Amino acid sequence: MSKITAAITAVGGYVPDYVLTNKELETLVETTDEWITTRTGIKERRILKGADMGTSELCAPVALEICRKRGISPEEIDLLIVATVTPDMVFPATANVVTDKIGAKNAWGFDINAACSGFLYALDTGARFIESGRYKKVMVIGADKMSSIIDYTDRTTCIIFGDGGAGVLLEPNTEGFGLLDSILKSDGHGREYLHMKAGGSARPATLETVQQREHFVYQEGKMVFKYAVANMSEAAHQIMERNQLTADSVAWLVPHQANKRIIDATAHRMGLPDEKVMVNIQKYGNTTGGTIPLCLWDYEKQLKKGDNLVLAAFGGGFTWGASYIRWAYDPK
Ligand code: UT7
């Protein structure tokens, strides 16, 4: 029997309606549209408004779009993996909330917390369940409501992040399409530069932690930037070498959207021209788990069967990595 690989057979995405522009941020913190645009490439980001609206509200429309496009019912999903750092609650997992909201009665699920590399970690994990032969339909969603952990008085972080999510359906393939390789890395030492100080078991919420604004993203941007450029581009370069891929044979780089300058550095290391790089940071900012699948969602119509895609990410943890996918279908 030929080897089973996990092919992406449908893509879905969702971004909330509210658009937070650089102009509006100028009214909240001391910044300018010009600074944000030149330092990050971001023009606007989406924000999920409304009481009791968590990350599951971003995931449910994604899952339903995927089912609709693939022509399946949610009851056919075997497993749902959600990559997020902004779960609806500490427990249960957001995947459980989503399966309930969409009526995926036969699915089990869990969340993966790997920050901006979460989608790569979840995709590789989901693929294992397909490759084992045990599961036929595994859904992988990356989504974050970053606005729930962003301090809108901190100009160094509030300009970067946004809310949104997207995902894919994985199904067995025996013709060599799908996820073919991944390099996944982590280094816990990097937690020093990017983390949320309170709200976990080490420092549970108290009046003091709230007053000290410790329930928001803490980031030392310059350090994170340095490690991101070095590690994301190195992982992307390594996955090309390991799979004998060249700048000509790679159709697309699908990079995490944290900063346009990090994306450019990664593309440069791979020898890729701008036309082969997916970029939507200008519209959504950094949606953490959502960035890579949101790129696939935006560019789906341009993808052709047999295209070689390199996905690459770097984020909190530190976590980073790169994946090699051979795209399984032509535009519909
Ligand atoms: O996705 C998860 C991983 N995260 C990342 O990959 C993010 C990586 N880091 C970055 O993208 C960049 O470091 C930032 C966008 C966060 C910051 O850009 P930077 O070019 O590294 O700026 P900087 O921190 O070196 O700051 C330069 C100057 C400083 O002023 P002085 O000290 O030179 O007077 C900052 O205070 O820019 C100032 N600054 C701002 N000015 C206007 C910082 N934020 C702002 C702002 N508006 N929003």
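Note: Cβ is positioned from N, Cα and C throughout, glycine not excepted.
Among the ranges 257-261, 272-276, 282-286, 302-306, the stretch that TrEMBL annotates as region 'ACP-binding' is 257-261. Classification of Asn286 (active site) by DSSP places it within a strand. The DSSP secondary structure for His256 (active site) is coil. Separation of the C-alpha atoms of Asn286 (active site) and Cys116 (active site): 9 Å, rounded to the nearest whole number. Under the DSSP three-state reduction, Cys116 (active site) is assigned to helix. In sequence order, Cys116, Ser117, Met232, Ile262, Asn286, Thr291, Ile292, Ala312, Ala313, Phe314, Gly315 are the residues of the chain that are 6 or more apart from His256 (active site) and have a CB within less than 8 Å of its CB. Cys116 (active site) counts 32 other C-beta atoms within 10 Å of its own C-beta, drawing on all protein chains shown. According to DSSP, the domain 'Beta-ketoacyl-[acyl-carrier-protein] synthase III N-terminal' (110-188) comprises 22 helix, 32 strand, 25 coil.
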